[in-house]
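Since the structure comes first, as structure tokens, the remarks are kept for the end.
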């Protein structure tokens, strides 16, 4: 059952209180809240009571002092002092227990509340329709789950108890004050409204500025998240400096609201101290007059009563002043909660949850009809994708959908699955409008392989099993629970630890059944070609987004995920675009031979994919149907489809076709993974899967990062930050430090003034002197109040002391106890926070991944599985949290309580010394107030230890990432390379001697393995030469190592052995003569001047990637380092990539925001052409293309071939000025290549021209035959 959230967004002063009971608290939460409130209220009572006892002790000390001065017996005074001190000890013990209970209750309550908010936020996100995420950057989700929820947790945990305790203390102190000295207390009560008004206005401004900071920070967070996720692209274009400049410019926008927030907090704290010390001035002056009156009349207020009122209200002022920083924290928590709860309470326009209404069809035949459909994407309402679109897809048949990029092919797939609703018209399945059907049940009859394949950071077997989760078949429910509850994940983990498959599944018939279904689906999807070569077989983790697999391998896993359910409707959106032709033919044959009947909808650009379709629909611009019929009918009609076929035609002889036919028959022999071991039995030489880890930290790197993180001290971090900051920031830090010293010194000044004031209020003095002293010291306190306001406006930190020799010997010996308790608290918190941070990083990664891949989550109804995985990632640190609370809060309560015990000891010891005449009252009170102020401040300081430890852990993580060698100088702020104003065009790079030809590439005995699997060679002793200005292609099966070779040429990785040279320069060395470096540390960039060759290189990646910025920004990423392209240059690059006409039709032209990943604005083929424009903008001499035309339509592919010809056109001297190295599965695009390398298992199987390979290489011939259409 879905959680229902009755709480509405806070719009009033009660918003914070509503936050405390948000998102369905359980009885235990209410109990913790009640215990926390009651214990906190009770914990505020003991201190004023002890102040009353201390007041009585002052009377005793005064009497002892007078008796000592008159040399009278003091035995009775010493006995009375001892009795009251013992009573104080009992009250301090009770206070310790109350503090421990209150802090523990609030900490557990806050932890549980934030866990509920995390879960509710993600649950609500996963319920939202796909259109919701078109304006929600992936970085925003990470910011909410990490930053905002951390802010909320800081504002709903132990700090709430401290504030309640402070208020209780304040109220009790005034009750005691009115009881003992009502006139004086009444005067001091007049400052209470000042406290309240200051806190109210300060909290309001803090909340305002916090919201502005979060809003302006979101674009920077999104850019950082996208950059890290696409680090391979950033490295390829050496665009780190450009991204850094943009990131810094976005951070500048946060400066003004951040400064406003800090100034508000500083002024708020300064005002609090001003009000507190002003009240002290009033108390000293008026209390002194009352004591003088008592001396004159013989009755009235005693010195002890005045002391009690003064001390309790002074302490109350200190305590209430602590609300200022906490009020800021609470206001920030309330502001952050508003944004979280906005999403939590949002009702999705298209609800795919189990609780959603709608008709449930027990069986679906699979007929799909589009009836007068009008549709445009919510992010582009002005651009019609379909206008009065009508189409019938018959049940039980295969329908191919082809056409140009952006004509609405993928939109058809999206509308069938109801990712969107049409603006007009109907989408019908078996005659039922999809809007009237229960969406989760409808999707359970569908299988989907999307254009840009995404997998989850789980094992291969888990990713395949995800296809079962949405099933509505009763017999699948037990199997679904195995996946959702983590049994399959546990199975994969135990295999990784060396467990045996048969032994592990023998106890569970359900696990055996599920594993059998996974293997059958894997076989049908062609996974058996590479799974046997993986170290852990089906238990292998695919990494974030499937990053450890090649593009073709990811497509096969996604296809197996779609086939495991044997769906009634199978939607393939470019499902085999990244596969070689032989594998594609085998898979398509397997799909055609699936048992039973099903509707297959196949969107494709490679026309050989739909050659066997029962019906082929050719779409034109605006979704207009240009042609339809089966393959032979369309060919014979000589229409649009026939022209497309002619454009993709490849030369083939009859002998070629005969030999290929024999090969297909051999390949189609039935195989099964039923006996496939999950752990390969082959040795290292048999393992050649291309397991990429583009954005993953390797295990070696993790160790390297962890080491400095563990050893870097807090002082080192602080000094490191100071070292990297500019002069202005260092000056600000120096001013803050000086202000802190002034604030700390003010406590010492307070002690001196107070000690002398008490001496002047003694009964031993004349009334006139008492009045004069009261006026003087009241004025001094007011001057101190002004100084405190100024200093606290510059810094809120305070600590200091001053002492008398004899009494300080005792008190100073006790101070280490206070610091030790606080130190142990911080140490425990630090260890806990480090473990906690790792667990929360995992949970944030899970949530961000699921939101980024929301279409896949929705298509397979993975919401419940994601939520369970998310919960499991949070379950681990919860037990550690409880342990941390149990032990850490002992030291926190001790830090607060030990001060009272030390104060009691001070009175006992000081009373004995005063009675003996060894010290004066003045010296005693100066020493006691100074040292005990330090003790009290330290207790309050250690209450902030959770925030201190979180900051230290976060700083260690950042420092360990950017300077793992511990050299902070690497972080020193330096000006980025300035923008270079130079005329630049899309002409080849010119050097001193004029235009140069393309880059010559050489690989000599190159071996390479990814850091995650150092024993698994991906490239094996590879040697090849690519002449300057040549057109070279790599072909081969998915996972053969083609993309890895391209990455080595591009300098994204360093070879394990051998040498990669560009124009004769070994790019594996940082500079001439450098020693060989660890490939684990190599990233192609360093602190030295960048190599000029990098500006001559450009990459078009396998998966077309766009950022959330404008088109201008996305194309400009490819510009040469330090330069920005002009609008004319951007347009020319777009024209060369055949994307300008598409951009020109957009209302905002090149200023059109692309949105997250660009998928909401552009089709896959259009994104590829934009990536080509990004590569061409820098006029490269070396152009690396990784499947550049896989998502292009036939016409775009033809124009792309023309672009390549134009780029490689020789100059007047007959030299080609660009070297092109490409990877291709669509072999027609490389027929004119100067040399084609056939790669297999990281080795060169053969090399030659197209015609040479057709004549002698059987593998290449088979691939050509599979793509032959005429």
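FYI, residue positions are counted from 1 along the chain as it appears here.
Glycine too: its Cβ is placed from the backbone N, Cα and C atoms.
Range annotated as transmembrane segment by TrEMBL, chosen from 127-145, 184-202: 184-202. Residue ranges 30-54, 55-79 are listed, and TrEMBL annotates 30-54 among them as transmembrane segment.
Taking TrEMBL as the reference, the stretch among 973-996, 997-1020, 1021-1044, 1045-1068 described by the feature region 'Disordered' is residues 973-996. TrEMBL assigns the feature transmembrane segment to residues 731-754, out of the candidate ranges 683-706, 707-730, 731-754. Here TrEMBL gives transmembrane segment for one range in the set 774-794, 837-857, 858-878, 921-941: that range is 774-794. Looking at the domain 'ABC transporter' (1001-1266) alone, the prediction's average pLDDT is 79.
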